[in-house]
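One structure is given below, encoded as structure tokens.
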């Protein structure tokens, strides 16, 4: 039928008869199935009828379906709701599964894409909706053939596909690799596919990172499948590489085995070798190789690297001389112990060197019956060896240095070791002590450093004591005139084992004088509440009674006899007898009566009271009971330091709160030294001597005025040590007598 002059109403009648009136009854009852038929009628109208009649209008599917619903009597019942029916059809159409294929080339770098008929259509893989009761693979084959004209039934793999759901519609595309680039594609449908082309996967959007997204809208139907396609290609390439390696190894082995079999089976040489051209020159005869020789060569080549190595055979040494000649010009080499034996050096038996080697039974040995070296060569070899040895020995013989043979054994060499003294070793120094040896008389002789005697005091304490002793000695300046009494007094103080001398002083007077002076309670319990008393005590030190340079030192000697020998005293106090000058001295000191020199003493007292400022308090501590401490306490300054001597014996009151604040200013004696002295003196003293321990006086100096200092120095220039000593004793006795009263 020709539609060249047909009207639009005639065209609708023809389309209704073709696609709707002849449908089965069950499809006519379903709006969805009727809509599919209306879509087929629309395609026929656009593809064929309008091609014959250009005057017919081009309509869309929605408008075309509305006109057909109104024109066909079977569709009148849905004419009023045809809009709703068409919307239901579109929703149903998007839920129909779609099947297609992705066709790749041999390198899997390009794929086949198709473009719709309209200009606004984009690129996509060939695919289509599945029909009723149609399988997925059959639908994919059919759609690929309709859109591209390529039959992929023999290449499709049902297990290789990409399945996705886009907007509620399931899409499955089967991957078909290995399509040739020379394949000709042509669509089998009318006005559905406009282009079919190969596209490089690297040029597609989202397939490669960091690539500008150009023309993305044209590939919107391809983009969702690119990521899974890239993963599939990667896995496929890895699998192909492994299979290729296996195939290559198998092919190589097969070729090698086939060549080997061909060589073994051939009875002659290979026939493919080029035969020589005939020439006029005479040719050498060519030896014919049998098949056995070829096989032997092949086996030899195959087993060339696996042959066991034959053991190395040593040359026979049975022909060597048993006793090689020894030529020695040195007398030292003639000795058995010093001679050089090459066989012993090599670990061989000198008498039978050949017996030292293991005997190996060898066959086909051509050298067993022949000598390895002739006798002349052996003679020269041994002579050269001995010449070298003799040259070394000759060097030792020519020099004065002994040879290694003449050196003594290490056991006879003695090394003398010197141990230098250490920096921490200090020799102790004590009064009246002699240094003791490091070892006793029974100790063996040791050739080395002997340990020096180390002081029992701590390093800092012994050093302090040593500095104090040096400072005391350096501060003393002795005068040559009128100093005999002072020297005598110091010599008597330094003696420890002084025997009592016969004197006119009675024992009772010595006892009372020693008790008055040495009793610590008299010094500790004395309270000086009045300042005038303290001034009076200090003034007594500068009295005129001490100004006589010609005073007799007998009193000092007798007094020291009583002080140094307290064991001769008695506990009972008796009234002193006035039998000698010392008794009168004791009575005078005890009574505190004025002496003929009281006038000068009163003058000095007045001057001292005018010049005295503030009196500092002292701390009196009892440290030890030894007489040596008393000697250190009673040290009287010389004529060059009168003011210091006067200030040292100012006994003042010390409050309990200030005892902790007053720091000691004199160098304290070490406790260990005092203990040693105490042990020696306890053996000599009496048991009653326990309470007779002197106190150690800690003194704070006071500074008089400058003008008064000059006057005191002028007055004390002619004072002797005995005068100072007697003045000090007088002040102590007077203070004790006042305290007792």
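Cβ from N, Cα, C; glycine included.
Positions annotated as region 'Interaction with pdc1' by Swiss-Prot, on the basis of experimental evidence: 1-243.
Mapped onto DSSP helix, strand and coil, the domain 'Nudix hydrolase' (94-227) counts 26 helix, 41 strand, 67 coil. Residues or ranges marked as domain 'Nudix hydrolase' by Swiss-Prot: 94-227.
Under the heading motif 'Nudix box', Swiss-Prot lists 128-149. Computed over the motif 'Nudix box' (128-149), the whole-number mean pLDDT of the model equals 92.
All protein chains considered, the CB of residue 167 (ATP binding site) has 7 other CB atoms within 10 Å. Residues or ranges marked as ATP binding site in Swiss-Prot: 167, 220.
The feature region 'Disordered' is assigned by Swiss-Prot to 268-289 (among others).
Residues or ranges marked as compositional bias 'Polar residues' in Swiss-Prot: 268-278 (among others).
Marked as region 'Disordered' by Swiss-Prot: 425-453 (among others).
Residues or ranges marked as compositional bias 'Polar residues' by Swiss-Prot: 439-453 (among others).
Residues or ranges marked as region 'Disordered' by Swiss-Prot: 525-552 (among others).
Residues or ranges marked as region 'Disordered' by Swiss-Prot: 592-616 (among others).
Annotation source Swiss-Prot lists compositional bias 'Basic and acidic residues' at 606-616 (among others).
Look at Swiss-Prot and you will find 654-721 (among others) tagged as region 'Disordered'.
The annotation compositional bias 'Basic and acidic residues' is assigned in Swiss-Prot to 681-690 (among others).
Feature annotation from Swiss-Prot assigns compositional bias 'Basic and acidic residues' to 707-721 (among others).
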Hey, what's the Cβ neighbour count for residue 220 (ATP binding site) at 10 Å?
12
